[in-house]
Structures are given as C-alpha cells and as structure tokens.
Amino acid sequence: MKHAIKHIHFIGLGGAGMSGIAEVLHNLGYVISGSDLSDSATLQRLAGLGIQTFVGHAAANLVDVDAVVTSTAVHADNPEVLAAREKHIPVVPRALMLAELMRFKQGIAIAGTHGKTTTTSLVASVLAEGGLDPTFVIGGRLNSAGANAKLGSGDYIVVEADESDASFLNLLPVMAVVTNIDADHMETYGHDFGNLKKAFVDFLRRMPFYGTAILCTDDPVVRQIVPEMSCPITSYGLNEEAQVRAINVRAVGAQMHFTAQRRNGVKLPDLDVVLNLAGQHNVLNALAAIAVAVELNVPDAAVQKALSDFTGVGRRFQSYGELPARDGGRFTVIEDYGHHPVEVAATLSAARGAFPGRRLVLAFQPHRYSRTRDCFEDFVKVISSHADAVLLAEVYAAGETPIVAADGRSLARALRVAGKVEPVFVDSIHDMPQAIVDAAQDGDIVMCMGAGSIGLVPAKVVAMLQFQEVNVLEGQCA
C-alpha cells in the first residue's frame, strides 16, 4: 500500500531553492515545516503563510514528519538528518522533490552557468502575461510576485535547473533552455570541463523525443554540444544564424531596446521589444523567453508587455535609489548577486551602459575560496578593466576552508600590482557600509556584488544615511 505523505520537513528552508518548493507544496495542501541555521526574511515570510519554521537544527524539530527534504548545504551528520534516518523517515534531496513536482505538469527547465534566475523569471512572466498561469520555482525573488515560487492553475511549471551539484540531471522537462556553459563548480565534475559539458548533454537528453532544446548559440561551448542533440532545437542569440535573434540592440537608460527576429519554424513578423533590464546579457535572457513564447504560441502583445513591465528579481541589478554623499551630492547603490568573473563583467558593463559617464565603485565580496583560486586571474582582469574604484571584502567561505593565496588580501594585492585601480581592502564585511559611505562621491554608481553576506550591505548603507539625514533635519529644526 502506498504510504500517504502528508507532512514534509525542509532542512535549510531559508535557501532560495528550498523555500520555493516548500511554498508550492504548502499551497498544494501539504503540511510543511522547516529549519535553518539563522532567521531570515524568507523564514519570516513562510511563517506568515502558516508554515512552521525553526531557527537552528535539532532532532526535536521532527514531529509527525513523513518525509525530509535536504539542500546540498546540509551534511549527513545534521541532527535532523540523523533523527530522520533513525526513525526510517525518507530523506530526499531537493532536486528529487523538484522533479516530483514537475511530474504533475509540463516542465520548462532553465539551465546554464549564468543567467538562470533572470531567464526563469522572464519566462514565467511572459507565460503569466499570456494567460497560461504557470507554476514557477525560481532561485530568486520575482519582484512582481513578491516571492520566488507560485502555484499556478496552468499546465506548465517553470523551474531553475541547478548544475552546481549536477542535481539538474534528476529533472525531466519537456522544454529546456541552456543559456551558456562556463567553468564553475568544477569540484562537482572532478575539475574536468569535459565532464561538465557531458552533464549538460545528458540533461538535454533526458527530454522526451517531442521535447525542445532552446540553446544560446552565442556561447561557444553550447555550439559544441549542438551536434550531440537528437531532439528539436531552437537557437537564439545575436549571431546571424540564430533562429531567434536580436538586432538593433541599444541601451536607453536602464532599459534595452531591440528587434527580435523569429525564424524557428514559420517565419514570424519582427517584434520590437523594450526590455526593462540593463545589459546586453539580459537581451540574451529575454530572447530565451521569446523563444519559449514562440513554442507555446504566446501572443506578441503579451510578450512585449511582460518584457517592458518586468520589475526584476531580488539581488539582480537591484537599485536602492539615490543617497546623500559626503560631498553634498548624491550617489546610487545597486546590488547584484553576480560572483563569477563573467557575471561581474556583464553587470558592470550593463551599469556603464545604463549610467554613461558615471564613476563605477565596485564593492565586491568574493564567494568561495575555491572559486577565487580557480578564477583568480580572471577576477583581476575583469575588476581592473571595468571598475573605477574597488572596495574589496574578505572571501565569503560558504563552508569552505581557507586556501593560501586565494583570499581577499591576495586579490587586493594582485589588483594593486595590475596598476589600473587602487583597491581598498575591507577586513570585515560589517565595516563595508561605512567604507561605502566614506568612498562615495557625487554621481557615483556603487555596485555591491557577491553571493554572500554582502547582500545585507545596501540596506545598511540606506539605513545609516537615512539616520544621518534625520539627525541633520532635527538639528536644523532645534
């Protein structure tokens, strides 16, 4: 007899991927609980939905639980994992639970080293505007929905497919997007780029024969795997051979304007697009969404409206507005999750296009010692060539042990030797808000970048300066 699963407990509930799955299951009627090491806005929001949350991991948190879901950050010696094993409660990896969710709808999976979250969000937004009411699970907060997941009534589920731990190989989509393939999370693949490429091929081969692969052929590695595909392919990019192609691309403030040519199958009329995102990399992300829309016959007007009204994703080129600088002027703070050299370069280039002639101040917290080691020279090259001033924090370890010559000070020294910028090393991330306030000048664009605790910095800068403004005003009124 099939065991009825009613209560599902998530270990690491505060993570973007975990919280989204939990919320969808909660809306499906399951009893959901979960724990995380520290409290967060995500936990508080889920608690507000009626999900039982715990701060800290303890065996006592598992009460009448039928299944446990773990993220890759949760180790086998976690007390809740040990308690579940002792009680013979199934312990399920996050990706397997996501795969179970996808079985009930037609899955659209977005994979790639860079741009997954934004592309997933754009696809979900286009489908929603087209009246398809998709379910979605995204690795970031979709601003228009106020959440990173939603249970829709339509036939489709749009998910972000994670290659970092090879867990995307558990998914069985009917449509898959690959934005690019780059060297990251190489420890998962035995530091062999061939293994990484093969994983993407295997991921695409998991689709049924009637599935569609939507591939960015601007990416050289994606082009290399095209001959290995047996399913139908739609290519997209800026290159002349792409079936869904952008031409006449131009930056207009913090937006991108372009014309989309659509030649996958029957040639469709050119589509003029106003994308409410900055950067050429986001034009590619939008083309992926347009390619999906063509496959699903989403009306052109809905595609145009979804892209022009797109309000972004949390921690992706997220503006905190203009703030008072010490010299009497104003500066702008923008946060971005980018933490790989390719992402840093794309985001800073987007900032150049959106704010021409402005000084770019990069406040950067490297993420993981292993990535800092593997991409060290690329970080030096990208930061030196794209930023006008640099505030550099120590590496966010993400559970890793420090690696000699792959720390923040070593990166600062290398940038100094390169000679294009004079970095300021900020020993503690807690001191970064003050360092930003001290460095910012009138007209500056301060880019806070990284996947770690630097995400808390912009709000602290805003709070500091608002407090100072209140004190000044009170002094003037006294």
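Cβ atoms are placed via backbone N, Cα and C, with glycine included.
Record features (Swiss-Prot):
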type	residues	note
BINDING	Gly112, Thr113, His114, Gly115, Lys116, Thr117, Thr118	ATP binding site
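Take the binding-site residues His114, Lys116: by the count of other Cβ atoms within 10 Å of each Cβ, the lowest one is His114. Same-chain residues at least 6 positions away in sequence with a Cβ under 8 Å from that of Thr117 (ATP binding site) are, in sequence order, Ile138, Gly139, Gly140, Glu160, Val313, Arg316, Tyr337. Those same-chain residues not listed among Gly112, Thr113, His114, Gly115, Lys116, Thr117, Thr118 yet with C-beta within 8 angstroms of the centroid of the ATP site C-beta atoms are Ile110, Thr119, Thr179, Asn180, Asn285. For Gly112 (ATP binding site), the count of additional Cβ atoms within 10 Å of its Cβ stands at 24 [all protein chains shown]. In the structure shown, across all protein chains, Thr118 is the one of the binding-site residues Thr113, Thr118 with the greatest number of other Cβ atoms within 10 Å.
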